[in-house]
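Read through the structure below, which is laid out as structure tokens, and then see the notes.
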Amino acid sequence: AAGLMFLCLCPQQRASLARALGHPETSAVEQAVQGRVVHTQRGATVTLPCVLRSLPTSYKVKWSKVEPADFLENIVLITNGAQHKNYGHLGARARLRRGHRLDASLTITNVALEDEGRYRCQLVNGLEDESLSLSLQLEGVVFPYQTGNGRYKFNYFEAKRACEEQDSRLATYQQLYKAWTEGLDWCNAGWILDGTVHYPIINSREPCGGRLLLPGVRTYGAKDKQKDRFDAFCFTSAMKGRVYFIRGHLNFKEAGQACRNHGATIAKVGQLYSAWKFSQLDRCDGGWLADGSVRYPITIPRARCGGLPDPGIRSFGFPNKEQRTYGTYCYSVK
């Protein structure tokens with residue numbers, strides 16, 4: 001019987017790799033790949049490896065994306081070696097790599113934020129059904145988000161929509177945890193993608209659960225998606241295009257027009273975070289953004305630019321939109 005093979009030269013996985021190279025107890029699926037993580041960025045092209053050990057006379061390979069929050073497994077592509085069929089929005093950007101006759105690896109073009117997650121390559125060969133799992137992770141940045149009306153205004157669905165409107169999506173727990181390890185310290189609880197509510201704390205303090213609690217990602221657990229209200233933790237990745245600043249004393253309406261005069265649009269919050277994270281945008285000037293907030297990106301902290309010791313996006317909140325104090329940050333695809 002044919003099996004699936006993916007060679008991972010990780011030190012802790014040499015034993016399973018040795019079995020995969022021909023020992024009698026070999027599983028039809030290469031176990032060293034289980035839990036393997038493939039890293040990428042939004043907009044990139046990425047390949048998820050899956051290789052047949054031999055070519056059976058009759059078989060199918062099915063690629064699917066596992067959606068644990070919805071208890072679903074969405075088919076991306078099915079092939080019988082000679083022909084293949086694509087399914088759904090992700091399938092429209094997916095193809096088989098076909099590097100050689102045993103290659104069933106999946107290539108995804110123009111990677112989107114929602115592509116992150118766990119994928120399954122399943123070999124169907126008569127009565128045998130073997131599979132392996134791979135995780136696709138996007139490099140990016142998590143940011144807390146709230147409305148101009150103050151904190152704790154979003155139910156789950158409003159939080160999800162708010163992130164999407166700012167060129168981002170609700171963060172996963174893994175993304176929030178990674179952001180905490182990188183220094184995210186935020187005292188307001190926020191929704192994440194699976195419908196649970198958390199807040200990351202580096203410096204324990206009284207208003208944030210008390211000084212006695214250890215640092216970590218604090219959790220409120222699963223909440224009522226319709227009734228309960230919190231902030232949101234959004235995640236964004238690299239983007240095509242650029243963000244730049246236009247000087248001036250502009251109100252919100254004039255800021256949008258200034259960007260349009262340059263063939264651009266007023267930048268969204270996620271776009272500013274992406275430019276700060278991936279293009280090292282550093283500007284000591286507050287500028288309007290699409291949601292009516294005023295922010296500025298700092299990669300090199302200094303005393304006269306907010307005074308905080310760490311890099312980040314500084315915020316002036318949501319000023320009166322008629323106020324003529326700030327410039328604007330614009331986004332251009334060019």
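Here the Cβ of each residue, glycine as well, is placed from N, Cα and C on the backbone.
Residues or ranges marked as domain 'Ig-like' by TrEMBL: 24-135.
Residues or ranges marked as domain 'Link' in TrEMBL: 141-236 (among others).
Summarising the annotation, TrEMBL assigns disulfide bond to C187-C208 (among others). DSSP gives C208 (disulfide bond) a helix state.
The domain 'Link' annotation in TrEMBL covers 237-332 (among others).
Other Cβ atoms within 10 Å of the Cβ of C284 (disulfide bond) number 14 in total over all chains. The DSSP secondary structure for C284 (disulfide bond) is coil. Per TrEMBL, the feature disulfide bond maps to C284-C305 (among others).
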Practice problem: Work out how many Å separate C187 (disulfide bond) and C305 (disulfide bond) at their Cα atoms, rounded off. | Solution: 23
Practice problem: Using Cβ-Cβ distances, find the residues under 8 Å from C208 (disulfide bond) that belong to the same chain and are at least 6 apart in sequence, listing them in sequence order. | Solution: C187, Y199, I201, R218
Quiz item: Around C305 (disulfide bond), how many other CB atoms lie within 10 A of its CB?
Solution: 16
Quiz item: How many of the residues that make up the domain 'Link' (141-236) does DSSP mark as helix, as strand and as coil?
Solution: 22 helix, 32 strand, 42 coil
